[in-house]
């Protein structure tokens with residue numbers, strides 16, 4: 001019996017353990033072969049998941065990666081903030097490539113909408129901050145979450161009640177335009193244009209809108225395997241990340257339940273994705289950093305090499321990523337927060353050819369030794385990394401599919417990561433293609 005015909009389903013959550021960009025899209029794509037549904041539960045179109053299938057590169061920002069598999073249903077949960085404009089742009093790109101999208105995409109009626117004034121606020125705020133800017137993508141994600149918490153957000157279901165929508169939109173714009181013009185010195189957002197654009201999306205969205213919580217419950221009762229796809233990474237989590245240099249949502253495994261409407265007991269296997277090194281986009285502390293394109297003091301040649309070989313540029317923004325050695329002490333913090341079942345190490349091949357490879361196993365902070373990342377950006381910024389050094393390997397790991405075929409030095413490096421982290425490595429990604437993967441423990445199987 002194939003995994004898609006199991007009588008009893010099993011659910012897997014895929015979480016980034018670093019600052020995002022860990023390679024979750026490729027791993028989700030691989031795991032989707034064993035799932036009937038893929039669920040996005042937080043974030044918006046501020047993070048791109050890059051998939052390479054054959055010679056085709058696809059970047060998904062909002063739609064779950066499972067859309068590339070023709071028999072898989074994709075859900076956007078209540079924890080997501082959704083830009084209708086970005087959604088239909090992405091749908092158009094996928095349909096132009098021959099994919100059936102709208103019959104397989106299901107959107108929660110409780111999903112918060114991103115509207116033009118959220119984008120305007122995002123840009124105006126970053127401009128006013130100047131050198132102290134957070135480094136947002138400028139897509140309105142943060143302001144939309146702010147409206148949600150302030151209980152003034154417009155949600156997908158509101159589009160189907162035009163009079164109520166128009167009234168709430170007018171109130172929202174009175175508030176946001178006051179802030180835009182009087183505090184930020186920016187242009188106001190036009191009410192009539194915003195209303196007309198929003199209403200134009202209502203009928204197009206309606207066939208895709210469902211009660212996602214009930215749909216997922218029914219799928220579980222039918223014995224289906226569900227895959228929950230996280231965006232960003234644990235160290236960008238609004239509560240547990242390097243605050244305030246974080247995103248505006250909870251990126252941790254626990255939010256897979258709240259952000260999609262399932263119970264915590266539905267999250268049976270938590271897979272944490274980590275690169276074999278570290279990257280970060282935008283501002284914020286980074287203890288093991290080697291290279292920052294924008295910082296003349298951070299131009300270590302190995303960091304430059306990691307960026308070039310790893311093609312470390314944001315898939316949505318195109319911004320160069322900062323690079324550094326793998327931080328196992330930060331990984332331990334992610335393991336604590338997420339309750340990880342296993343690890344997936346990605347981009348191991350980027351380390352090929354290095355004479356020495358370093359692993360951060362702790363920090364010196366104000367005269368004390370720590371073995372786990374502290375909380376708060378101020379403390380993290382003062383951390384001095386403690387490294388263990390490992391001999392590199394001469395051969396290539398690119399495309400290897402069996403553990404035994406890895407260079408011994410690579411095996412030793414990976415085993416030490418397991419020891420420091422205290423969790424087993426379930427998978428190793430050795431290239432961008434779906435089948436360039438070493439499987440040690442199958443997340444969908446006991």
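Including glycine, each Cβ sits where the backbone N, Cα and C put it.
Now, the feature entries from Swiss-Prot:
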- 21: active site, proton acceptor (ACT_SITE)
- 49: active site, proton donor (ACT_SITE)
- 20-26, 48-50, 321, 347-349, 429-431: GTP binding site (BINDING)
- 21, 22, 23, 24, 46, 47, 48, 49, 137, 151, 232, 247, 319: IMP binding site (BINDING)
- 21, 48: Mg(2+) binding site (BINDING)
- 315, 316, 317, 318, 319, 320, 321: substrate binding site (BINDING)
Position of peak Cβ density within 10 Å, selected from the binding-site residues 232, 430: 232
Distance check against residue 321 (substrate binding site) for the recorded positions 21, 23, 26, 232, 348, 430, keeping those with Cα within 10 Å: 21
Rounded distance in angstrom between the Cα atoms of residue 21 (active site, proton acceptor) and residue 320 (substrate binding site): 12
Alpha-carbon distance [residue 23 (GTP binding site); residue 137 (IMP binding site)] in Å: 19
Residue 23 (GTP binding site) versus binding-site residues 46, 232, 318, 319, 320 - nearest by Cα: 232
Separation of alpha carbons, residue 232 (IMP binding site) and residue 20 (GTP binding site) (Å): 4
Rounded Cα separation (Å) that holds between residue 430 (GTP binding site) and residue 232 (IMP binding site): 21
Entry from the binding-site residues list 26, 319, 321 having the most other CB atoms no farther than 10 A: 26
Three-state secondary structure, residue 26 (GTP binding site) (per DSSP): helix
Which listed residue (46, 137) has most other Cβ within 10 Å, given these are binding-site residues: 46
Pairwise Cα distance for residue 26 (GTP binding site)/residue 232 (IMP binding site) [Å, integer]: 14
